[in-house]
Amino acid sequence: MNRQQQRSEQGYNDPDSDLDLDLEELDPVSSSHSPPRRQARSSTDYSGRIPLRNLRHGGRRRQRVVEDDLEPLVADEDALGKREEHAGDDAPLLANGSLRRGSLLDLDAEARSRGWKARLRRLLPFSKRHNAIALADETSEDSTATNRTIQVGSRQLTPFPANAISNAKYTPISFLPVTLWNEFKLFLNLYFLLVALSQVLPALRIGYLSTYVAPLAFVLAVTLGKEGWDDVMRRRRDGEANKEPYVVLRLEGHGRAGTAKGKSLSGSKGVKRRKGDRTAELEREEEAVGLEDEPSARVIEVRKSAKDLAVGDVLVLEKNQRVPADVIILKSIATDAAVSEDVSSAPSRTSEALMDLGEEAGDELHTPMPPNEPAPDAGGEAFIRTDQLDGETDWKLRVAASLTQSLSASEYLRLRITAGKPGKRVNDFAGTIELLPKSSAAYDPQPSEITDAPTTTTASAPLTIDNTAWANTVLASSTKVYAVVLYTGPQTRAALSTASSRSKIGLLELEINSLVKILCILTAALSLLLVALQRFENDDEERPWYVSVMRFLILFSTIVPISLRVNLDMAKSVYAYLIHRDQGIPGTVVRTSTIPEDLGRIEYLLTDKTGTLTKNEMELRKVHVGSGSYGGEAMDEVREFVRLAFAKEEGAADGALWTPSSGYGGLANATRTRREIGVKVRDLVLALAICHNVTPTIDETADGEKKTSYQASSPDEIAIVQWTEAVGLRLAHRDRRTMTLHFAGAPVVKVEILNIFPFTSDSKRMGIIVRFYANLSHQGDDVVFYQKGADTVMSPLLAPNDYIDEEVGNMAREGLRTLVIGRKALSPTAYEAFTRAFHAASLSLTARDKAISRVLSTHLESSLHALGLTAIEDLLQPLIKPSLETLRNAGLKIWMLTGDKPETARSIALSARLVSARSQTIHPILALRSPSLCLPALQPLLASPSTTALLIDGASLVLYLTHRPSAFLSATLPLPAVIATRCTPSQKASITTLIRSATGKRVMAIGDGGNDVSMISAADIGIGIEGKEGRQASLAADFSVTQFSHIVKLLLWHGRNSYKRSAALGQFIMHRGLLISVAQTVFSIHLAGEPVALYRDWLLVGYATVYTMMPVFSLVLDRDVDERLTNLYPELYHELQAGTSLSYRTFAVWTGISLYQGLVIQLGAQLLAPSPTPGSSPSSTLPDSRMLLLSYTALIINELLVVAASIETWHWSMWVSILSTALLYAASVPFLGGYFSLAWVIEMGFWWRLAVLVGGSVGPVYVGGRVRRWLRPGIVGKVRG
């Protein structure tokens, strides 16, 4: 009889056994103060007693299949405080406030959590400890103010937001209020709303209400319809993403497998206990003692839609699946390994095996997952695509957490993750993951008797950005990934990083808005003047003067045409269509259609360098090893050195690999000088082949052939690895632990990857620690730290040398990108000391980066042996030289903002002809340290601004922007070119904003990477290039192009046409409104100031729509010069920058023309067809039908002829619009008998009077325009000849 059986018998035979004690005896406080969880429970039910067997053995037992009341009452405090309690309804409380620990996962938890019992339990009073846990909800994640602790596979205590995606701008309730508010914030819409509402008042009513309501209703209907449709489309796209199904691991804790709730997932019913069944209870208890090796949970796959995912859920992701939330990668298995596991360990799963578990669980797979997982060496790494997150197209390497890669999925319930609050930084993350012991320490009255209790040590490991996959990234590699959800919905990196873009308003709209305000002032002044004249002549007028003023304001409302905004918006759509279909700039996309006119007003162009002016296609051109430089044909010598160093020697052991202890190899037979050079070349090539983040992938071509390609986060890395392959040392294999290099098809070097320190924009370097293998299966003793990076950060870390700085400068002057490579051998003692310090620093949740940096600086980054440096060429974009020269001749001032070195930026500026080497000099301002030096450094720029370009670095730029911003701008704004180097994204945005605010001119920014988005958003017009660095800049921009040279046509041709056409369209619409208002004024004066409408109802609406709209709108297809001339004479762009097409001068000219033509038409009509004598009868105030026919017809023909006279280049649509409008008016006259005297139309007297009026209004204006062009042809007239 074993010890457990003896205890069992002693417990039953001993009258003093504490197995029979009631709860009141053991825990009088909790029993007396805690209300019963089930009121109907019998007082003799054993659930009211404490089975002390569980207390004695709870510290050394695993989770087991037992009844609720047989589980330990006291759980590990840490685990209890961090995971959700799943106590049964009858769980008693101990005096210390600890809840009895139930199973780790309730099979029906999701369903019961929404049931009335779960809600009732939340309302019941608990003990102090449980209340303390509940209070954590008040200060936790919803406020995102604290770190979060996640229990994997369990429902969390803290409420987190749902994972639903919602990009909708409106709700059904907010749609109308919000859209109407946005519309009536605009002055024009508010003005016409007041005019329309005024017609409800009888004293102000002039015509039909529809005359004033219909145009406004049309504008609002178009706008609301567009907004509503766009929002419906957004909701549909959101719905597709939210309904996307995902496989989730449901972890079934054994402690709940047999509850009294009914069926478990396997179909077995819960065992219902009966009174007095103590023997059966003890038997089950004794059986559970031996279940030490059982898994912690049974794993079942279920399907959930993306919106139903919750924090703590374990996802199973496969290739090309979108990551639905921010997750931590727990395990990554190669597809082959995953398939073999499924085939060998579990029955096949088919779609027929799905069963519906309700809305919360989705579709559950009947077959539980096997508890045994592939071996740790089955994988661990995975590649993701982040182009929809940060715009980078290169695959990113991610690795599973070191603690969980070899952990069975059935043990995931023991995992606890601690992470920081949600944040926006997509390239930064710090957290820890803990593996809790299988059995927690519990109360035991006889602890000395327990000799086989398992350890209670909690294992922990740090989590970094390499262990994460953020929402909206895509799993790119052929792997099966298990990942736990960490942040959901609005707390994901993608959601937090999405900021509403700045609302951009075109300069033309601002100018038209100013002119509209002038028109409103003229309208009010004219109304007051007419009322004053009326009072002077009619002192006995009964109508109050303010009523007369309001009536006149309504009559003159056509001066401010509501159709102006509609026509301009329609014109912008035409411009966008013309840009899209332009075959000369294929792939161009207009993403912001409200500012195409600004393309013709640009004065400052801010551009990135890498990927914008250059192709971002890298090719390693040179290497320098201290004793010499190799490039071009000299690379053959490098290949020879590599062959001698790594070729297999005669007599070498089979499978032996090269290590740093191997000696010279084939170089031993060379001369001393050649051997020394060969060793340097070998070490540099080896370092370049090892120190990177490149992973080889095998892709299958369309022909079925397998082709090896490289994936990395930087094209520089790929260029270096391709070069090492070209010289003989090929990267054949890499996973998270090892890397293998081949020479001549055979492995020659294999290393174990111990640590990787990835490149960041702050560190500007990357490093790796490796241990060399002596053969393919046995490790050697050589541990080496390799590091490469920018010369500015690497130089202080190197041991003294006499060539790095000089050679870096030489290569940079050739326009080449340089990297410095260093090495440090580590003894076992040194590496062990580093490992301890690094592990301690990596577990820190606060200032982790600084702590790690200190460890690296102390143990690794000092006195590195300089191996050499590389020079990589970034090829220029096609046609970049003529494009920059054309833009410079067009009057644009170009600023190049780059993060590269000053020397490289200077070389690119000269080679790309951003700066003319013949006529311009480059003045450098570098490494300024004192504000007192700022002003003297600017003096050369002030002396000759037209022939000098500035070269400045980021540190000096910060000094100027902080202490001398005004002096800096006054000196640099007139310069033809500025080259700013070592700029951060925030500095780029600050410069853009500063130029805009200081000059008031239009600023364009163009870039291709995620680091250019802030600059693009801050500019008046942002241009994004779809290039090597992804689509983020393109998606954030107002216009997207495929290469830099396309912006020449975008500015000089489309910008010119858009601006000049919109300017002409706006002025014609205002002319049309002024013309009819002048006619109304003349008629009102004729009636002694009586506010009576001249044209009412359909005549007023038809004049602004069907009778004049199409001819006026056809001006959007006019052009004053050919495209060939804009390229031949880029100086034509100067007049657009000056804004001469729409100005106060042109507005005054058109106002004068409108005044003249209105007077001629209306006054002539009244003289040639006299109106009735005012005051003779009540009807005498109505316009005479013959006069109205003559005036209105002359008005229509006048507008058509003025449009025809202003056209520079005829298009077939212009002929069609003018002729069809004239025919439409002629055809509608017979239906206007209520306004016109139709009988007069067939008389000759009507036609000669009409000819006189039209000739008098149009003739002088046309002749005057021709004379002015002849006397002052302007630059366009001179170019056209």
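Just so you know, glycine gets a Cβ as well, placed from its N, Cα and C.
The annotation region 'Disordered' is assigned in TrEMBL to 1-69 (among others).
Summarising the annotation, TrEMBL assigns compositional bias 'Polar residues' to 1-11.
If you look up TrEMBL, you'll see 158-207 marked as domain 'P-type ATPase N-terminal'.
Among the features that TrEMBL reports, region 'Disordered' is placed at 257-289 (among others).
Residues or ranges marked as compositional bias 'Low complexity' by TrEMBL: 258-269.
Taken from TrEMBL, the feature region 'Disordered' applies to 362-381 (among others).
Taken from TrEMBL, the feature active site, 4-aspartylphosphate intermediate applies to Asp608. Residue density at Asp608 (active site, 4-aspartylphosphate intermediate): 28 other Cβ atoms are found within 10 A of its Cβ, drawing on all protein chains shown.
What TrEMBL lists as Mg(2+) binding site is Asp608, Thr610, Asp1008, Asp1012. When Cβ atoms from all protein chains are considered, those within 10 Å of Asp1008 (Mg(2+) binding site) total 34, not counting its own.
The feature ATP binding site is assigned by TrEMBL to Asp608, Lys609, Thr610, Glu717, Phe759, Lys788, Arg817, Thr898, Gly899, Asp900, Arg982, Lys988, Asn1011, Asp1012. For Asp1012 (Mg(2+) binding site), the count of additional Cβ atoms within 10 Å of its Cβ stands at 32 [all protein chains shown].
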TODO: Within 10 Å of Asp1012 (Mg(2+) binding site) by C-alpha distance: pick out those among the recorded positions Asp608, Phe759, Arg817, Arg982, and say none if nothing qualifies.
DONE: Asp608
- [ ] Taking Cα atoms as reference points, rank the recorded positions Asp608, Thr610, Asp1008 by distance from Phe759 (ATP binding site) and give the first.
- [x] Thr610
Open item on the list: I'm checking region-level scores; what's the whole-number mean pLDDT for the domain 'P-type ATPase N-terminal' (158-207)?
Closed with: 79
Open item on the list: For a quick check of understanding: among the binding-site residues Thr610, Asn1011, which residue's Cβ has the most other Cβ atoms within 10 Å?
Closed with: Thr610
- [ ] Quick one: of Gly899, Arg982, Asn1011, which binding-site residues lie within 10 angstroms of Thr610 (Mg(2+) binding site), measuring between C-alpha atoms? Sequence order, please.
- [x] Gly899
- [ ] Could you state the whole-number distance in Å separating the C-alpha atoms of Asn1011 (ATP binding site) and Asp608 (active site, 4-aspartylphosphate intermediate)?
- [x] 9
Open item on the list: Return only the integer: C-alpha distance in Å from Asp1008 (Mg(2+) binding site) to Arg817 (ATP binding site).
Closed with: 18
Task: Cβ neighbours within the same chain of Arg982 (ATP binding site) - under 8 Å, at least six residues apart - done: Gly899, Asp900, Lys901, Pro902, Asp953, Gly954, Ala955
- [ ] Return the maximum Cα to Cα distance in Å (whole number) over the record's ATP-binding residues: Asp608, Lys609, Thr610, Glu717, Phe759, Lys788, Arg817, Thr898, Gly899, Asp900, Arg982, Lys988, Asn1011, Asp1012.
- [x] 27
TODO: Just jot down the residues in the same chain as Arg817 (ATP binding site), at least 6 apart in sequence, with C-beta under 8 A of its C-beta; none if empty.
DONE: Met618, Asp716, Ala871, Ile872, Glu873, Asp874, Asp900, Thr904
Task: Counts of helix, strand and coil residues, the domain 'P-type ATPase N-terminal' (158-207), according to DSSP - done: 25 helix, 0 strand, 25 coil
